[in-house]
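**Q** Take a look at what TrEMBL says about it:
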ACT_SITE  H65  active site, proton acceptor
BINDING   D66, D74, S76, E85  Ca(2+) 1 binding site
BINDING   P157  substrate binding site
BINDING   H187  heme b binding site
BINDING   T188, D238, D247  Ca(2+) 2 binding site
SIGNAL    1-21  signal peptide
SITE      R61  site 'Transition state stabilizer'
Amino acid sequence: MAKHVAIVVLLVLGLVNSSYAGTSVGYYTGKCGSNDVESIIKGIVQARFSYDPDIIAFLLRLLFHDSMGNLQTDGSLLLKGPNSEQTAVPNFTVKGYDLIDTIKEALEQECPGVVSCTDIMVAATRDAVLLAGGIYFDVPLGRYDGKVGLASNVVLPPPDISVASAIAYYQQVGFTDLETVVLLGGHTVGVTHCNVIKDRLYNFQGTQQPDPSLDAFYVFFLGTIICQNNDEMFVFLDSPNSVRTVDNSYYQMLLQNKGILPIDNAIAFDPSTASYVQDLANNNDYFLDLFAKVIVKMSLVGVLDENEGEIRNQCWTTN
């Protein structure tokens with residue numbers, strides 16, 4: 001509890017920096033012999049991205065669920081087990097674990113017991129964002145891995161959360177209203193399933209009609225072509241032409257009444273967030289800059305130090 005209180009206070013005051021909990025930019029310089037740890041991570045991410053560009057969505061979601069699921073960026077979601085965080089309902093469809101394991105294996109061959117799985121997850125996500133159209137940004141490294149990962153600890157906001165509740169949730173870790181809207185911009189590469197939104201397409205609030213706030217043609221397209229008789233079909237949260245690119249087109253879709261999840265649609269028209277959506281929709285560079293900063297801020301939530309965590313030998317199990 002004290003750990004969470006400390007990080008909340010630091011974030012609210014804007015005092016989180018690259019030295020929090022021993023993290024720093026360039027942390028692994030000289031710690032892996034002559035090897036460049038971040039270059040090794042980048043090379044493996046690049047290789048995966050070249051044939052599987054969906055890895056950007058997997059990694060962003062993996063980092064988000066790890067950081068926000070228990071308000072600690074500690075790699076606890078990477079742990080396997082019958083009661084692990086991976087077994088919590090919100091984490092059923094999280095992917096990308098295999099890539100983290102592959103990177104860990106490569107680094108263990110070069111410098112065993114040096115690089116944490118949590119840092120691999122953070123750096124790999126940064127690299128994927130760049131490959132998918134985002135900007136390069138430095139990430140402080142030096143995190144330690146958590147020793148506990150329980151499904152009972154996982155609490156994540158549902159897709160139909162209200163704007164006020166979403167803002168309150170992210171305020172726990174010091175996110176401003178604007179940063180909350182920017183964080184949701186990760187949906188630029190996101191997907192959901194038809195069963196999550198079928199009430200909006202067919203029976204909104206028990207009316208036997210679609211959600212009137214959704215674009216009528218979009219409702220027809222999703223309801224009769226994509227989702228009809230197929231609850232498990234994927235639905236892109238951004239334009240199909242841009243779903244593997246990190247850009248501001250997600251916000252442009254919202255302004256066209258094409259927000260897929262209820263929270264997506266709501267932030268576009270709620271008085272507390274509508275102006276932010278408009279600004280982000282109008283300026284891609286503005287979004288990319290803020291998105292990079294929000295990822296860094298999220299990656300510093302609840303960071304563990306050497307007295308609280310460990311450097312795992314394998315990412316799926318504690319030492």
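Residue 1 is the first one shown; counting continues down the chain.
Yeah, the Cβs are placed from backbone N, Cα and C, and that goes for glycine too.
Unlike curated records, TrEMBL annotations are generated automatically.
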**Q** At 10 angstroms around each C-beta, which of the binding-site residues D66, D74, E85, D247 has the fewest other C-beta atoms nearby?
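**A** The binding-site residues D66, D74, E85, D247 were compared, and D247 has the fewest Cβ atoms within 10 Å.
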**Q** Tell me, how many other CB atoms lie within 10 A of the CB of H65 (active site, proton acceptor), whichever protein chain they belong to?
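**A** That number is 20.
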**Q** Measuring Cα to Cα, how many angstrom lie between S76 (Ca(2+) 1 binding site) and the residue listed as 'active site, proton acceptor'?
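**A** If we compare the Cα positions of S76 (Ca(2+) 1 binding site) and the residue listed as 'active site, proton acceptor', the gap is 10 Å.
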**Q** Using C-alpha atoms only, work out the spacing between R61 (site 'Transition state stabilizer') and H187 (heme b binding site) and round it to an integer in Å.
**A** 9
**Q** Under 8 Å between C-beta atoms and at least six apart in sequence, can you list the same-chain neighbours of D238 (Ca(2+) 2 binding site), or say none if there are none?
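**A** D238 (Ca(2+) 2 binding site) has long-range Cβ partners H187, T188, V189, G190, S249, Y250, M253.
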